[in-house]
């Protein structure tokens, strides 16, 4: 609202009311941190081999030799998906022949795991993989479960903005928190992989919707200087705290159903927040509910120990914004000029590649050398300095070079992993974490950079289209990890190459640091290296004023 900031300036920026909203909304993001990547442990794949039934007439010697060896990771290890044909082994055993000396095992016929699998319990007691045998011919179902969660995130990001605009930020925040908690609870009782995966889509929809609602609610209640802190550090770091709790829960709870239950129950702690977190006064004003907005602001003044004016909001001053006739813009306007089309294509590619790198590395932690729980914890911890560094870079240095440096760092170290000798495992893990640091920093900065490149009239659409590309990147990211089953270094080579490519791409974007935000398409900064004609006289000019120049609000969409 045009005069809202002026009307509420008497509240100050960082009173008790603002601190309460800041920390409670940030805390509501914590469950998203451990639920968003819980599939790392829920769908963990332990070492496995074909089961040999106890009723098979095999001697102990033949039973031990029933699984062929295959090269894996530079060593000969028992096959995970094949065994020697048991009928033939039973004949050899009955004849008193010995494997290796009397019978050449390499010449024997093999068969698939007809009697199921035996799973190691060294790391996991049970996962959805061991419960529903998502291995060998069914190993594609594991990454598909993860992709379906991100499909839910994509669907939720479509509807969350419209829902919060229609029903209110607070109502949608708590309704979708309840949705996420309820469907996660039902997941605990899944009887099949199909049931688990369908519910996972709904959990994904609820998760992104409450994240967006909390994001928007915070940006609309908090003042300008605190709003920047909330969007860049508050939300992101509390998400990282939630991510850090995930390996802690998983370490002590090795059964997937009990782990999922333990990750679901903290959602109930958000129920008391209903009586503490207020609705957005800005949204109430946009709906003409001035008295409710007035009551919230009077209560905020009382919480801050400030004497409020008798009338804080004057409807006659605030209604003119809603009554202005605004020119409508569509998604096609993102392609209307050569410059904005180029920026849109580059932004879409940039967001998709960064998302593939971020989620690919996060989901790949079980495949790293060493303890899976420690690796997951390190992957979460490294995000905190990444967010802090990105915040400092955004405040003090040009966007283009900051983004490119983070992407080059992340991409190059991933490409170096294949050169590390196999016996120096700690160095491989260190390089992966440095890669995660670079890509996480870039992910944090790309929101702001993209929002600054688009003009006010299409900013939400531009950031929304880029964000949708990010969701598509997260959907395909599990299959980058899946490629590691064929070649251990292939995921890092692909993610590293794409990340370096996106760093090069960033250098062609215009620099927005210290530049005024463009209001119309004609005012946009120009992409490097393109030849331009004078703008067509038919290009639309917008007479809209930017209601809220704070670009961070756009990052939620």
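Every residue gets a Cβ built from N, Cα and C, even glycine.
Keep in mind that this is a model prediction, so the values were computed, not measured.
Sequence-distant neighbours of the transmembrane segment (20-43) (same chain, 6+ residues past either end, Cβ-Cβ under 8 Å): 124, 127-129, 134, 142, 145-146, 149, 173, 177, 180, 184, 200, 203, 207, 210-211, 214, 217-218, 221-222, 226, 229-230, 234-235, 237-247, 249-250, 256, 259-260, 263-264, 266-267, 270, 273, 276-278, 303, 362-363, 365-366, 372, 376, 380. Per TrEMBL, transmembrane segment is recorded for 20-43 (among others).
Look at TrEMBL and you will find 88-514 tagged as domain 'Major facilitator superfamily (MFS) profile'. In the predicted model, residues of the domain 'Major facilitator superfamily (MFS) profile' (88-514) average a pLDDT of 85.
Annotation source TrEMBL lists transmembrane segment at 142-160 (among others).
Annotated transmembrane segment per TrEMBL: 172-189 (among others), in sequence order.
The transmembrane segment annotation in TrEMBL covers 195-217 (among others). Tertiary neighbourhood of the transmembrane segment (195-217): same-chain residues 25, 28-29, 32, 35-36, 39, 128, 141, 144-145, 148-153, 155-157, 159-161, 163-164, 169-170, 172-174, 176-181, 183-184, 186-187, 231, 235, 277, 280, 553, 555-557, selected by CB-CB distance under 8 Å and a gap of 6+ residues from either end.
Taken from TrEMBL, the feature transmembrane segment covers 229-253 (among others). For the transmembrane segment (229-253), the residues of the chain that approach it from at least six positions outside its boundaries are 22-23, 25-27, 29-38, 40-41, 214-215, 218-219, 222, 259, 262-263, 372-374, 376-377, 379-381, 383-384, 387-388, 390-391, 394, 444, 448, 552-553, 555, judged by C-beta separation under 8 angstroms.
The annotation transmembrane segment is assigned in TrEMBL to 259-277 (among others).
If you look up TrEMBL, you'll see 340-360 (among others) marked as transmembrane segment.
The transmembrane segment annotation in TrEMBL covers 372-394 (among others).
The annotation transmembrane segment is assigned in TrEMBL to 401-420 (among others).
Residues 232, 236, 350-351, 354-355, 357-358, 361-362, 364, 368-370, 375, 378-379, 382-383, 385-387, 389-391, 393-394, 399-400, 402-403, 406-411, 413-414, 416-417, 420, 463, 466, 492, 495-496, 499, 502, 509, 512, 551-552, 554-555 of the same chain sit 6 or more residues outside the transmembrane segment (426-449) yet have a Cβ under 8 Å from a Cβ within it. Among the features that TrEMBL reports, transmembrane segment is placed at 426-449 (among others).
When Cβ-Cβ distances below 8 Å are used as the criterion, the transmembrane segment (489-509) is approached by residues 343, 346, 349-350, 353-354, 356-357, 360-361, 364, 400, 403-408, 410-415, 417-418, 432, 435, 438-439, 442, 449, 453, 480-481, 483, 527-529 of the same chain, each at least six residues removed from its ends. What TrEMBL lists as transmembrane segment is 489-509 (among others).
Feature annotation from TrEMBL assigns region 'Disordered' to 537-557.
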